[in-house]
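First up is the structure itself, then whatever we jot down about it.
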Number of protein chains: 2
Amino acid sequence: MTDSSATDPGGWHTYLVTQESVSAGRSTLEVVDAALEGGVDVIQLREKDASARCRYELGLELRERTAAAGVPLIVNDRVDLALAIEADGVHVGQSDLPVGVARDLLGPDAIVGCSASTVADAKRAEADGADYLGVGAVYATSSKDVDPDESGVGPARIASVVDAVSIPVIGIGGITAENASPVVEAGAAGVAVISEITAADDPKAASERLATAVHR
Amino acid sequence: MTDSSATDPGGWHTYLVTQESVSAGRSTLEVVDAALEGGVDVIQLREKDASARCRYELGLELRERTAAAGVPLIVNDRVDLALAIEADGVHVGQSDLPVGVARDLLGPDAIVGCSASTVADAKRAEADGADYLGVGAVYATSSKDVDPDESGVGPARIASVVDAVSIPVIGIGGITAENASPVVEAGAAGVAVISEITAADDPKAASERLATAVHR
């Protein structure tokens, strides 16, 4: 577990979700090293296409690197993997294990985040004990499991969710340094990205650019 | 957890692995009810195509039914799901979380099974603390993730593994009431099936037929 205020989702301005398949031929370790140098506030081990064994082995490496950087590590979906690599928490979607089950298995000090695309989902996740919400897809995106024809829920949905809940909201989906500002202006604590960092020519510079856009 | 000697894998003669997609339009609950009536010794919640949420909800129902029948319930792959539904244990493959990690998360009393297709895999799984092995695919099969062109490892591989380890061996893959005898004669404690029961005209009768074949 990562000590210190780094584990407060309210302070997560830039949130990297890993996905080696959209990392321009680089390894996730290489991308994460660059993103940590570039100052991202939190890393989520996703890697939806990888086996549990691969994610476990990668997770052990990510745990070392994030711990050394004082940056929290969150595991997508799998609570057992989060326990096994001593991650700081888990991020669950609407079709993953329920928030309350994740909380029971991880204990009161772990971070449990939940994806929500509607105000109703967001309120339920908060009531179930989520520590933060990932809300989106804000903009159209190709790198998550979102219908590419859909245009995204937009910054207006971020504002609606922020009005409806008391826990921090992270915008996700199609966010870049160029379009991040309206997400933060709508009340998001920060923004989560995959390809804006993983597929960038220079992931470190992309991380810095994103942080600048969020803080602007 | 299921009390009594029912949780000794050495006594598992017939082992049903669930998969609604090959259940001839029936629900897994319907198939499991029939299989329990037909006397299967253990149920594994597999359902590879279902979301974690669906597997969790199904798992709670299966836990009630198996507990009432005094039959152990094993969860495929996901240790968190096994913990969440208070299953008796987990079954991991070579690309799932390692046996030792599953054991650490579940504790010493849980059952941890492991798939092994070679003697080397089998010896490693035993050394890592597995309670039983699923060895196969014994015969060619279409219902598991096995190359349909492959002919299976055959009962001879069962005999090799049984010679090499001290833990119970369950044969799996393409096993029917008609071809089960050589698997048991090779030293398997029992046989695991999916479609032989799930896709049968009468899953209860298929379970009884399989038990008769194993005990013959």
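Keep in mind that glycine also has a Cβ here, set from the backbone N, Cα and C atoms.
Values in this document were obtained by computation on a predicted structure and should not be read as measured data.
Features of the protein shown, as given by TrEMBL:
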- A:15-197: domain 'Thiamine phosphate synthase/TenI' (DOMAIN)
- A:Gln44, A:Leu45, A:Arg46, A:Glu47, A:Lys48, A:Asn76, A:Ser115, A:Lys144: 4-amino-2-methyl-5-(diphosphooxymethyl)pyrimidine binding site (BINDING)
- A:Asp77, A:Asp96: Mg(2+) binding site (BINDING)
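A distance below 8 A between C-beta atoms marks none of the binding-site residues from A:Leu45, A:Lys48, A:Asn76 as lying next to chain B. Its Cβ placed at the centre, A:Asp77 (Mg(2+) binding site) has 23 other Cβ atoms within 10 Å. Secondary structure from DSSP puts A:Ser115 (4-amino-2-methyl-5-(diphosphooxymethyl)pyrimidine binding site) in a beta strand. A:Leu45 (4-amino-2-methyl-5-(diphosphooxymethyl)pyrimidine binding site): 30 other CB atoms within 10 A of its CB, across all protein chains. You'll find the Cα of A:Arg46 (4-amino-2-methyl-5-(diphosphooxymethyl)pyrimidine binding site) roughly 13 Å from the Cα of A:Asp96 (Mg(2+) binding site).
Looking only at the binding-site residues A:Gln44, A:Leu45, A:Glu47, A:Asn76, the one with its C-alpha closest to A:Asp96 (Mg(2+) binding site) is A:Asn76. With every protein chain in view, the residue among the binding-site residues A:Arg46, A:Lys48 whose Cβ has the most Cβ partners within 10 Å turns out to be A:Arg46.
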